[in-house]
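Here's the structure, in structure tokens; my notes come after.
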Amino acid sequence: MSLITIINPLTYIVPILIAVAFLTLTERKILGYMQLRKGPNITGPYGLLQPIADGLKLFIKEPVRPLNTSPILLILSPVLALTMAMLIWTPIPMPYTLANLNLGFLSILAISSMAVNSILWAGWASNSKYALIGSLRAVAQTISYEVTLGIILLSILILTGGFTMQLLTATQKHIWLLATSWPLMMMWFISTLAETNRAPFDLTEGESELVSGFNVEYAGGPFALFFLAEYANIISMNLLTCILFINPGPTQHPELFLINLITKTMILTLTFLWIRASYPRFRYDQLMHLLWKQFLPLTMALCLLHVSLLISISGLPPLT
């Protein structure tokens, strides 16, 4: 094994983890200012060292394991969650991909649906009724919203004519897909909120009824891994939204592409935080009704429109 095979993944993983650490600080600061308070401001200048202090505190704590839990699955679940969250980043161009996959988008969907297993295992291995209910909620919610994500993705890929990220940037050279497919963009964005278990869809962490959800028995290091995975998923989903609908620019200028991509992703991520501060939590039946009775019929109709549009204007997408 050469040194480059170790350095390559590390140069990808370490910046993601640093971004995740400071996203937690940004969230706490934004929520603080929206609630007319300061947020973290003691550790370091303006509280900038808070995520480092939090991370150190969590990882040096003694790992506590309740007596009746399943020890292997209990440790395996957070590790799997973080591994899946990191794997999603491999086909994403920044501006070059870590693995140039032909079916980049399909692999991202497959990996994100595999990440559900870690939540299910965590709830089951904890041997707690609250954790199990939380994990079952998370699984039902994630699997449900993946249906609309898949159909929206299919609609966009029909316009593009291929599964690679590079084709998408070429398709959006003259006009963003946001301008032509804004209903899909709105439904995609709301579905990503549900997919990442964020407010107002954070039913898995319903504090009033489930204490903390599927991670109720976790503390210290394993809890930190779940936390990192959740925020890494938020950033990766927003990156995807940016590539799909708000073209990050041509890949001929790597520096401009990266700056453009990061700026737009930051705006989308701040919107996630703004939504968390503004909206109350959905009821579970409202969450399911929104998907199965509103989003699904609408996305299927729009998918048919995207298919028929190409034929009706006598133009086929660039087939690769």
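Every residue, even glycine, has its Cβ placed from backbone N, Cα and C.
So that you can see what the record holds, here are the features copied from Swiss-Prot:
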TRANSMEM  3-23  transmembrane segment
TRANSMEM  72-92  transmembrane segment
TRANSMEM  103-123  transmembrane segment
TRANSMEM  147-167  transmembrane segment
TRANSMEM  174-194  transmembrane segment
TRANSMEM  226-246  transmembrane segment
TRANSMEM  255-275  transmembrane segment
TRANSMEM  295-315  transmembrane segment
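When the stretches 3-23, 72-92, 174-194, 255-275 are ranked by Cβ pairs under 8 Å to the transmembrane segment (226-246), first place goes to 72-92.
Long-range contacts of the transmembrane segment (103-123) within the same chain: residues 73-74, 76-78, 80-81, 84-85, 87-88, 90-92, 97, 131-136, 138-139, 142-143, 146, 149-150, 153, 157, 163-165, 195, 204, 214-215, 218, 226, 229, 233, 236, 240, each at least 6 residues beyond the stretch ends and with a Cβ under 8 Å from a Cβ of the stretch.
Taking every listed stretch (72-92, 147-167, 174-194, 255-275) in turn, the largest tally of C-beta pairs under 8 A with the transmembrane segment (295-315) is reached by 147-167. Within the same chain, residues 12-13, 16, 65, 98-101, 104-105, 107-108, 111-112, 114-115, 117-119, 121-122, 124-126, 165, 217-218, 221-223, 225-226, 228-230, 232-233, 236, 239-240, 243 sit at least 6 positions outside the transmembrane segment (72-92) and bring their C-beta atoms closer than 8 Å to a C-beta of that stretch. Using a Cβ-Cβ cut-off under 8 Å and counting only residues 6 or more beyond its ends in the same chain, the transmembrane segment (147-167) has close neighbours at 91-93, 97, 101-106, 109, 177, 181, 184, 187-188, 191-192, 195, 243-245, 251, 291, 295-296, 299-300, 302-303, 306-307, 310, 316-320. Long-range Cβ contacts of the transmembrane segment (174-194) within its own chain (Cβ-Cβ under 8 Å, at least 6 residues beyond either end) map to 141-142, 144-145, 148-149, 152, 155-156, 159, 200-201, 237-238, 240-241, 244-247, 268, 271-272, 275, 287, 290-291, 295, 298-299, 302, 306.
For the transmembrane segment (255-275), the list of distant contacts is 23, 26-27, 30-31, 34, 93-95, 189, 193, 198-200, 234-235, 238-239, 241-243, 246, 248-249: same-chain residues at least six beyond its ends, Cβ to Cβ under 8 Å.
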